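Heads up: the structure comes next, in structure tokens.
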Amino acid sequence: MAFCISYLGAVLPFSLSPRTKFAIFHNTSKHAAYKTCRWNIPRDVGSTPPPSKLHQALCLNAHSTSCMAELPMDYEGKIQGTRHLLHLKDENDPIESLIFVDATQRLGVNHHFQKEIEEILRKSYATMKSPSICKYHTLHDVSLFFCLMRQHGRYVSADVFNNFKGESGRFKEELKRDTRGLVELYEAAQLSFEGERILDEAENFSRQILHGNLASMEDNLRRSVGNKLRYPFHKSIARFTGINYDDDLGGMYEWGKTLRELALMDLQVERSVYQEELLQVSKWWNELGLYKKLTLARNRPFEFYMWSMVILTDYINLSEQRVELTKSVAFIYLIDDIFDVYGTLDELIIFTEAVNKWDYSATDTLPDNMKMCYMTLLDTINGTSQKIYEKYGHNPIDSLKTTWKSLCSAFLVEAKWSASGSLPSANEYLENEKVSSGVYVVLIHLFFLMGLGGTNRGSIELNDTRELMSSIAIIVRIWNDLGCAKNEHQNGKDGSYLDCYKKEHINLTAAQVHEHALELVAIEWKRLNKESFNLNHDSVSSFKQAALNFARMVPLMYSYDNNRRGPVLEEYVKFMLSD
């Protein structure tokens, strides 16, 4: 099932039903016996308007968009006014200054105040990092302090929460009445590392009490708490959660109105930029013309762009990077469709060999319907490498070629599993699907597009990010399979992680397998938290945030109601791209 969003005068289908492995193309797919649902966007052939129509709609909107020249005077004044408020709170009320910093992050305006925020956190860390000092503060204040410090690379021991336990070793009974503190404790627990048992206890305790109290809460509070339980800040996209946080601020602080106004101004600027970028992507896709040659492949430039937009949503100035990254995302889908729809096993072996050669002369060995895709892949990635070289002085083509070779090899493994008619072990599946998910391709391209890895940069190498990328790939893969498992067409032989794990544990129920998958996601988040924390260098902060956004985006992509639609993603898309 797909629903349509009216965007910029055009109707854009944004399909959210799981990408069916059997039902959609059972007569054309060469590999129906084994088909993963990658990134969960079905190829609903025929439902997407031709790119030329989308291009025209975007062009029309470009002329009707409100003039950006009207913004700067008031916009800059609002930024300066907020900066002044930050200074005042830092001097007069250290705890409220932390609440202020948290609010800027949740509303997505913190990028304006990096120096001020850093100074506030530095002072706060110097005075509160000791567990003995924290015992004089409330659960809310300690939890917020813990969150902010870990988010910004300052280590605070989880032992600070021992101050809120009684002699029994359990969290104190009176905390059950502290809704505000419990919500912040739940948020703090999302930043745990492996082995931090007290944070596991904190998450279970706070979640259980808050869920139990929801029914008795006043409507606005119930909605606020419910949203935070479902989408904790650390594992969500700030621009999305900020929709709800705007209501949470209410009239609690005199600076709330100022922050809301600044957030709305930011949103106006961002929408204009995103619309222009989508126009560029549409133009590139239309000129490429591959959708005319590969008529069964997914023809969805808007959806390709969504990944780049959300991953880099915190950095509006990285417009060139978003557009360039979208091209890589598009080719992940195109090559995926070649493996799923167009190629026999022998043809796919030849295609993989051609990618391994990375030479235009290999085009002659390919079937006609693969030649154009192969040549444009080489053109596009070689072009990306050249742009990176011109911008940063180093050429990453060898690394980029390697990641595309790995992706196609992983796709080929899937095709061979399909040809054999059997499921791999759960571990074999996960090791291969980490690669075939496309996560490594996206993040490695992003790594170099953001200027990292050059000989003169010195602070971080690509290999330093491998574990971080691995955890994100597993999170994406498992969430993808959990989303696909809700598809009514599933029959237990579709090649998901759940199917492979169930095959090895035949006594487990579907609910138990589902719970195991969620536990695996939780473990990988803890590893991701640690890897992210360890990559604590100014030069890598933007890449780290973008990589985390990749993992955070997954629940938005794969959150369904009973009708197999995605109300969460629909709301986010409309909010970010509609005037």
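Any Cβ shown, glycine's included, is placed from N, Cα and C.
Per Swiss-Prot, the listed range annotated as motif 'DDXXD motif' is 336-340 (candidates: 41-45, 336-340, 366-370, 531-535). When the glycosylation sites Asn204, Asn317, Asn382, Asn463, Asn507 are scored by other C-beta atoms within 10 Å, Asn382 scores highest.
For the motif 'DDXXD motif' (336-340), residue counts in helix, strand and coil come to 5 helix, 0 strand, 0 coil, using DSSP. A mean pLDDT of 93 is what the model gives for the motif 'DDXXD motif' (336-340).
Cα distances from Asp340 (Mg(2+) 1 binding site) to the glycosylation sites Asn204, Asn317, Asn382, Asn463, Asn507 are smallest for Asn382. Looking only at Cα atoms, Asn480 (Mg(2+) 3 binding site) sits nearest to Asp336 among the recorded positions Asn317, Asp336, Asn382, Asn507.
Nearest Cα neighbour of Asn463 (N-linked glycosylation site) among the listed recorded positions (Asn204, Asn317, Asp336, Asn382, Asn507): Asn382.
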